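Asker: Attaching a single structure in structure tokens format; questions to follow.
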Amino acid sequence: MRVGIGYDVHKLVAERQLVLGGVVIPYEFGLLGHSDADVLIHAIMDALLGAAALGDIGRHFPDNEPRYKGISSMKLLEEVREKLAVKGYSVNNLDAVVVAQAPKLAPYIQAMQQNIARTLQVDLDSVNIKATTTEHLGFAGRGEGIGAYAVCTLQQG
């Protein structure tokens with residue numbers, strides 16, 4: 001059994017779609033980034049890569065690489081799953097939390113879990129996504145950005 005942890009944060013800006021867990025969420029701001037800036041998927045990818053001792057997303061998907069400009073992070077997650085499979089790993093369990101003051105994410109959690117489970121080719125009950133606020137404290141509480149943490153376990157075979 002291997003354990004990984006991931007973290008990511010992106011700035012909220014106008015004129016960008018907000019994408020979390022592969023779900024487009026109606027909101028006046030979106031996350032700034034080279035790809036679609038899906039902070040949840042980025043944290044998950046870092047956890048998965050770390051558990052397999054494969055480095056981090058910056059190593060595999062550098063933000064100065066033109067082919068990743070605007071790419072769906074779900075596509076990158078699929079590539080991470082393939083990298084894990086090459087090393088003989090599969091996802092046993094994934095738990096993640098999105099830290100955002102707004103918007104409310106509860107209505108979208110199930111769709112996020114379904115997208116992630118489908119992409120990782122695991123049962124839905126192997127993926128848990130939560131959302132929390134910071135009670136108006138820090139950058140997330142001021143609405144300047146959104147962060148995400150993820151923990152995973154991998155198994156061989």
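Glycine is no exception: its Cβ is also placed from the backbone N, Cα and C atoms.
Reproduced below are the annotations present in Swiss-Prot:
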type: BINDING; residues: ASP8, HIS10, HIS42; note: divalent metal cation binding site
type: BINDING; residues: 8-10, 34-35, 56-58, 61-65, 132-135, PHE139, ARG142; note: 4-CDP-2-C-methyl-D-erythritol 2-phosphate binding site
type: SITE; residues: HIS34; note: site 'Transition state stabilizer'
type: SITE; residues: THR133; note: site 'Transition state stabilizer'
Asker: Calculate the distance in Å between the alpha carbons (Cα) of PRO62 (4-CDP-2-C-methyl-D-erythritol 2-phosphate binding site) and HIS42 (divalent metal cation binding site), and round it to a whole number.
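Answerer: Cα of PRO62 (4-CDP-2-C-methyl-D-erythritol 2-phosphate binding site) to Cα of HIS42 (divalent metal cation binding site) measures 12 Å after rounding.
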Asker: To the nearest whole angstrom, state the Cα distance for the pair ASP8 (divalent metal cation binding site) and ILE57 (4-CDP-2-C-methyl-D-erythritol 2-phosphate binding site).
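Answerer: That comes out at 10 Å between the alpha carbons.
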Asker: Report the nearest neighbour of HIS42 (divalent metal cation binding site) in space among the recorded positions HIS34, GLU65, THR133, THR134, ARG142, comparing Cα positions.
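Answerer: Among HIS34, GLU65, THR133, THR134, ARG142, HIS34.
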Asker: Under 8 Å Cβ to Cβ from GLU65 (4-CDP-2-C-methyl-D-erythritol 2-phosphate binding site), same chain, six or more residues apart: give me those in sequence order, or none if nothing qualifies.
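Answerer: Listed in sequence order, there are none.
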Asker: In whole Å, how far is HIS34 (4-CDP-2-C-methyl-D-erythritol 2-phosphate binding site) from HIS10 (divalent metal cation binding site) when you measure between their Cα atoms?
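Answerer: Between the alpha carbons of HIS10 (divalent metal cation binding site) and HIS34 (4-CDP-2-C-methyl-D-erythritol 2-phosphate binding site) there are 11 Å.
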Asker: Indicate whether HIS10 (divalent metal cation binding site) is helix, strand or coil by DSSP.
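Answerer: DSSP call for HIS10 (divalent metal cation binding site): strand.
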Asker: Using all protein chains shown, find which of the binding-site residues HIS10, ARG142 scores highest when you count other CB atoms within 10 A of its CB.
Answerer: HIS10
Asker: If you draw a 10 Å sphere around the Cβ of HIS42 (divalent metal cation binding site), how many other Cβ atoms fall inside it, taking every protein chain shown into account?
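Answerer: Result for HIS42 (divalent metal cation binding site): 28 neighbouring Cβ atoms inside 10 Å.
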Asker: Identify all same-chain residues not among ASP8, HIS10, HIS42 whose C-beta atom falls within 8 angstroms of the centroid of the divalent metal cation site's C-beta atoms; report them in sequence order.
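Answerer: Surrounding the site, in chain order, are VAL9, LEU31, GLY33, ALA37, ASP38, VAL39, LEU40, ILE41, ALA43, GLY147, ALA148.
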